[in-house]
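These features come from TrEMBL:
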type    : residues                                                                                             : note
BINDING : A:GLY45, A:ILE46, A:SER47, A:GLY48, A:GLY49, A:ILE50, A:ASP51, A:SER52, A:THR202, A:LYS231, A:THR253 : ATP binding site
BINDING : A:ASP51, A:GLU207                                                                                    : Mg(2+) binding site
BINDING : A:ARG182, A:LYS215, A:ASP222                                                                         : deamido-NAD(+) binding site
DOMAIN  : A:23-109                                                                                             : domain 'NAD/GMP synthase'
DOMAIN  : A:128-315                                                                                            : domain 'NAD/GMP synthase'
Amino acid sequence: METTSKAFSKEILNIENIELVCDEICHKLRGNIKNQLRRRGAVVGISGGIDSSVVLALACRALGQENVIGILMPERDSSPESLTLAQALANKFGVRTVVENITATLEGFGCYKRRDEAIARVFPEFNPLTDKAKIEIKQNIGQNLPSLFSLTIITSAGEILSKLLPVNEYLQIVAATNFKQRSRMAMLYYHAESLHYAVVGTPNKHEVEQGFFVKFGDGGADLMPIGHLYKTQVYQLAEYLGIPQEIIDRTPTTDTYSAEQTQEEFFYQMPFKEMDLIWYAWENQYREEEIAKVLQKSVDEIHNIFKNFERKQHTTSYLRAAPIF
Amino acid sequence: MTKDRRIHEKLLKYIIEVTFLDKDVIKDDTLLFEEGIFDSMGLLFLIDFIRDTFHIDTKDNELLVENFASVNSIAAFISKRIGFEESKKLVISDK
């Protein structure tokens, strides 16, 4: 591996001129919407999370708040906090909002029923009315083997049970749950088309490149203005743009399963600060020894994390691929 | 054919079937994950195959590279588990 010229450090991803970065993103966003997509404004799905909040703020800055609309799409399993925070964000930026509860849509698709059937095949005692469930990765990212998902249920009595998910149940749970993101995408396009607006997507760099999105779900958008930013950089923009502190302080969750679940336990397996730095190092071909020294980890661990990134990017390339013809 | 060799053969046949690779490409010591022959879904389907074929449920703490790196290591893992299950049966039948 070749070494890049800039020495690796924990500060390497700090944005020096945030105002300039925001201006560049907004200039591009405005140009893309007006000239390339030829739309009048932007629709943003807001969840009370950091990424969608930053995108909404950027869209307001680029197009003016009167040309932006925030769509809130809670469903049965959403945390009530998501709705409250998303509404507080919209109020702060003076953006119109529409609340679309998608629970009935998801019931129509059989989303909950199909998911709960698969859960009950793993845990026959599971009661969807009283128990909560989530899927999570339990293996260490430093282990040189692909990670698999376990199903965890939390019974009404507070008992926590966990099992490695068999392949058929894993696939059914994921496929059923993906109705959530795909229903939201359909709803965003309804509002976008009815207003002649563009759908502005909210994935950050990790979500795009590690494949932490649903194809034709949250991956379905006309443009993704923060798709090139690391998560820690999204936080830097959030501070600069004046995103409400409760949103900045909130632990990133998937807000998809009935049991509470952080993005770290669901997918990333390491804290964002560390992941950003190691991903940057991997992408820019820094030497494993240099990273290990700065982050006080073993060279073997860094090597295995690099392998894990490589595997995730390779395995999820299908999600980023355009239709083949 | 020995019991261990039969495990090897069943694994090789399965891997060739699901990967569409030429049988000469997969050797007993080919590093299945390191060389990109299997990814996470490949591992998940492999665990299913092990359960259906050898009646072994893989546990979270057994998902280690030393148990799944190659046909050799998977076969060793299966042999060890079969030996353990058989010894459990012996203990039960001795009672």
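Here, residue 1 is simply the first one shown, and the rest follow in order.
Even glycines carry a Cβ here, placed using N, Cα and C.
Because the structure is a prediction, the values reported are computed rather than measured.
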*Here are the binding-site residues: A:GLY45, A:GLY49. Which has the lowest count of other Cβ atoms within 10 Å?*
A:GLY49
*Taking the Cβ of A:LYS215 (deamido-NAD(+) binding site) as the centre, count every other Cβ atom within 10 Å, in any protein chain shown.*
16
*Pairwise CA distance, A:THR202 (ATP binding site) versus A:ASP222 (deamido-NAD(+) binding site), rounded so that it is a whole Å*: 11
*Select the closest residue to A:GLY49 (ATP binding site) from the following binding-site residues, measuring between CA atoms: A:GLU207, A:LYS215, A:ASP222.*
A:GLU207
*A:ARG182 (deamido-NAD(+) binding site) and A:GLY45 (ATP binding site), Cα-Cα, nearest whole angstrom*: 12
*Which residue, out of the binding-site residues A:SER47, A:THR253, shows the minimum number of other Cβ atoms inside 10 Å of its Cβ in this structure?*
A:THR253
*Consider each pair of residues in A:ARG182, A:LYS215, A:ASP222, all listed by the record as binding deamido-NAD(+), and report the largest Cα separation in Å as a whole number.*
15
*DSSP state at A:GLU207 (Mg(2+) binding site), helix/strand/coil*: helix
*Could you round the CA separation between A:ARG182 (deamido-NAD(+) binding site) and A:THR253 (ATP binding site) to a whole angstrom and send it over?*
18
*Roughly how many Å separate the Cα of A:SER47 (ATP binding site) from that of A:LYS215 (deamido-NAD(+) binding site), to the nearest whole number?*
19
*Mind checking how the domain 'NAD/GMP synthase' (A:23-109) divides into helix, strand and coil residues in DSSP?*
52 helix, 13 strand, 22 coil
